[in-house]
Amino acid sequence: MRIHLVAVGHKPPRWVRDGHETYAQRLGKGWRLELHEVGAGGRGNDDPQAREREGERLLRALPSRAVCVALDEGGTPRDTRQWARSLERWSHEGGEVAFIIGGADGLSDAVRQRADACWSLSPLTLPHMLVRVLVAEQVYRAWTLLSGHPYHRS
């Protein structure tokens with residue numbers, strides 16, 4: 001199962017790289033978590049043009065055959081078991097999924113329209129760099145649930 005994390009922003013802080021790599025390396029045989037970074041659209045406060053530029057870059061970075069899940073505070077809330085069930089289903093259907101993380105100004109309409117699903121990690125607004133670590137941990141947690149590993153405790 002190939003899981004792509006397609007995210008806005010280059011050069012994340014060390015704690016973000018370390019967190020992402022920690023969980024990516026823990027995944028068991030047959031599961032890979034790959035990071036694809038795209039450049040930010042510019043600097044500005046809620047700049048719609050910057051969001052559109054980021055959206056174009058995100059869309060170009062998406063693997064063509066992957067199920068695409070946009071991550072957005074307005075998306076559908078999903079608990080850990082729902083993450084695990086979805087990943088399990090997608091692994092049986094072809095084994096590729098892309099989680100899309102926008103930049104500081106969120107996701108463009110084009111990205112939302114391309115997405116097969118839109119999920120929320122929290123009703124809180126989260127820093128996009130922190131979301132990378134949260135997604136990596138949830139992917140690992142889902143794998144442990146599906147593998148019978150004792151990491152997840154209900």
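First residue shown is number 1, and so on along the chain.
Backbone N, Cα and C define each Cβ position, glycine as well.
Features as listed in Swiss-Prot:
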type: BINDING; residues: Gly102, Leu121, Ser122, Pro123, Leu124, Thr125, Leu126; note: S-adenosyl-L-methionine binding site
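DSSP gives Gly102 (S-adenosyl-L-methionine binding site) a coil state; it is part of no helix or strand.
Fewest Cβ neighbours within 10 Å among the binding-site residues Leu121, Leu124, Leu126: this applies to Leu124. Counting Cβ atoms from all protein chains shown, Thr125 (S-adenosyl-L-methionine binding site) has 9 others lying within 10 Å of its own Cβ. Local packing around the binding-site residues Gly102, Pro123 was summarised as the count of other Cβ atoms within 10 Å of each Cβ; on this measure the leading residue is Gly102. Once the Cα atoms of Gly102, Leu121, Ser122, Pro123, Leu124, Thr125, Leu126, the listed binders of S-adenosyl-L-methionine, are compared pairwise, the greatest separation found is 16 Å. Taking Cβ-Cβ distances under 8 Å and a sequence separation of 6 or more, the neighbours of Ser122 (S-adenosyl-L-methionine binding site) in its chain are Glu73.
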